[in-house]
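**Student:** Pasting a structure here, questions to come.
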Amino acid sequence: MNTELFGVISIFIVSIVLAIPLGRYIAKIYSNDKTLLDPIFNPIEKFIFKISGINATEVMNWKQHLKALLSINMVWFFLCFFILLFQGSLFLNPDNNPSMPPDLAFNTAISFLVNCNLQHYSGESGVSYLSQLFLMFLQFVSAGVGMAAAAMVFTAMKERTTDKLGNFYNFFIKSCTRILLPLSVIVAVALLFSGTPMTFEGKDTITTLQGDTVEISRGPAAAFIAIKHIGTNGGGFFGANSAHPLENPTYFTNAVELWAQLIIPFAMIFALGFYLKKRKFSYVIFGVMTVGFLLLVIPTVISELNGNPAIERMGITQATGAMEGKEVRFGPAVTGFWSIATTVISTGSVNSMHDSSMPVSGSMELLAMMINAFYGGCGVGILNFYIFIILAVFISGLMVGRTPEFLGKKIEAREVKIAAFIAILHPLLILSGTALASYFAANDTAMGYWFSGNATGWLNNPGHHGFSEMLYEYTSSAANNGSGFEGLADNNPFWNITTGIVLLLSRFLPIIGPLAIAGLLANKKYIPESAGTLKTDTTIFGVMVFAVIAIIAALSFFPALALGPLAEYFTLK
């Protein structure tokens, strides 16, 4: 156990140490400062802009940024949707996998577009290699879009008055070419040399020791898995995701994949400090996020190491902890750490079955996605936290009787209304979706087109855990996470379409909100800092932000958690 805990702590510390220089590098990229890699990437980027006809030097306001962002996403959604819809008739399909039905193609295209990768299919039999390649490219697009949006907000937070906030396409292309692609190559090579396949050949047939023949799925997995973690996307090449022995063969690859999903969310926080030349401010943000992360991960690891009390009452020793649904090559400690890292960061990849997690662990996984403000995904993590900063500044200003100010700009009614709407949107989508599904399940409604049979048919685990499965599905969708309690039968029109709608609303509205707030604040008159200015780089302000997150984000979900994982916890006692 001590060795397992040492491995977990080492991965976390190494990720933080490496994130600081990466954050400095990212800040230089978005500031258009010179870097050592300019001779390599400048010609590539010039070529991309030339063939696309984009003027990367044109300066945009926040509305133009938003228009460019939505346009890119719309184009790639329709292209990917039609490829999935007709993949059975297209090339690069050596295993003859069939085309997707429209509802599943709709859900899958949206899911990869919005950095969620919910995956209501199994990669071995659900998609062709051509579709996998397009989905892999969407993982670059979704991560690059989030980082470009964050870069615009960084620019707006500088100490001046302007509506010129850089160029979206410049931020987007540089995020992909200079950050996502190099890191993905490093991770892909590490996976390739550790046994992860990288081929366009179809299934391989092997003979087992018992003399049976078995078909083994393979494909261009190493490249797909690399960007899935670097871009905090989380979609697995194989159905079992990173629990699959070819997707995550060893403890070393497990450590690499964990580091890969931590590094950019950490680095973006430090990049903000370097970009604004306010490093202490970024340390406060990182400190708040880390405290929140530790409050989630410590109970999870302890719960998994202690095992299942129901099994203990049977007199069975659980020396290795709660091993149901886990891989022996990883163990419960690093698996518990991964489960919180992947839900806090919004990656959504899994190296175990979350449906088999202990109730305390399941509640922490849910709470991580419900809060959706600690670290977060590529770019959008800092945007989610930005909303809570605005609310904390507003509340702090009211408490001391001053007009709220943030980085020299007055926070007024319009900004607060936008921030409040975005903060309320997350629980609204999760709880309303869960209420709808629960209503149908409780009444055993005949679903017709929406589901083959009555609504209780999508629950393999009735009772408290069945409710948790439905709650988890909508929470994962709203947090753009993509992991799931896979006891839920979710590949049907009801779940594909309802979660698809939640995916769209929960991705783009929380991006539009921070962009609008940042754009409005950037246009306001800059007020120099004075003795009465609220300091945002202090521990007191960090505590205030944490309190706002706890009250607005966490407490909103307590009744739902009480009906699901908390009730299940007490039934095991």
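One is the number of the first residue shown, and numbering goes on along the chain from there.
Each residue, glycine too, has its Cβ placed from N, Cα and C.
Predicted, not measured: the structure shown is a model, and the values here were computed from it.
From Swiss-Prot, for reference:
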TRANSMEM  3-23  transmembrane segment
TRANSMEM  72-92  transmembrane segment
TRANSMEM  134-154  transmembrane segment
TRANSMEM  179-199  transmembrane segment
TRANSMEM  256-276  transmembrane segment
TRANSMEM  282-302  transmembrane segment
TRANSMEM  380-400  transmembrane segment
TRANSMEM  418-438  transmembrane segment
TRANSMEM  501-521  transmembrane segment
TRANSMEM  540-560  transmembrane segment
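Can you tell me where each of these features sits in the structure?
**Tutor:** Through the fold, the transmembrane segment (3-23) approaches residues 251, 255, 258-259, 262-264, 266-274, 282, 301, 331-334, 337 of its own chain, all at least 6 residues removed from its boundaries and within a Cβ separation under 8 Å.
Listed by sequence, the residues of this chain that lie at least six past the ends of the transmembrane segment (72-92) yet keep a Cβ under 8 A from its Cβ atoms are 98-100, 102, 104-106, 108-110, 112-113, 127-131, 133-135, 137-138, 141, 145, 172, 200, 508.
Long-range contacts of the transmembrane segment (380-400) within the same chain, counting only residues at least 6 positions beyond its ends with a Cβ under 8 Å from a Cβ of the stretch, are 115, 146, 149-150, 153, 265, 268-269, 272, 285, 289, 345-346, 372-374, 406, 411, 415-416, 419-420, 422-423, 480, 510-511, 513-514, 517-518, 534, 536, 541, 544-545, 547-549, 552-553.
Only residues 6 or more beyond the boundaries of the transmembrane segment (501-521), in the same chain, are considered here, and those with a CB under 8 A from a CB of the stretch are 61-63, 65-66, 69-70, 73, 107, 110-111, 113-116, 118, 146, 149, 152-153, 156-157, 163, 165, 380, 383-384, 386-387, 390, 406-407, 409, 411, 414-415, 418-419, 421-422, 425-426, 429-430, 433, 474, 477-480.
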**Student:** Name the range, of those listed as 256-276, 282-302, 418-438, 540-560, that has the largest tally of Cβ pairs under 8 Å with the transmembrane segment (179-199).
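**Tutor:** Counting Cβ pairs under 8 Å, the winner is 256-276.
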**Student:** Are the transmembrane segment (540-560) and the transmembrane segment (282-302) close, by which I mean at least 3 Cβ pairs under 8 Å that are 6+ residues apart in sequence?
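**Tutor:** Yes, since the transmembrane segment (540-560) and the transmembrane segment (282-302) share at least 3 Cβ pairs closer than 8 Å, they count as touching.
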**Student:** Using a cut-off of under 8 Å between C-beta atoms, tell me which stretch among 256-276, 282-302, 418-438 contacts the transmembrane segment (134-154) the most.
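**Tutor:** Going through each listed stretch, the top one turns out to be 256-276.
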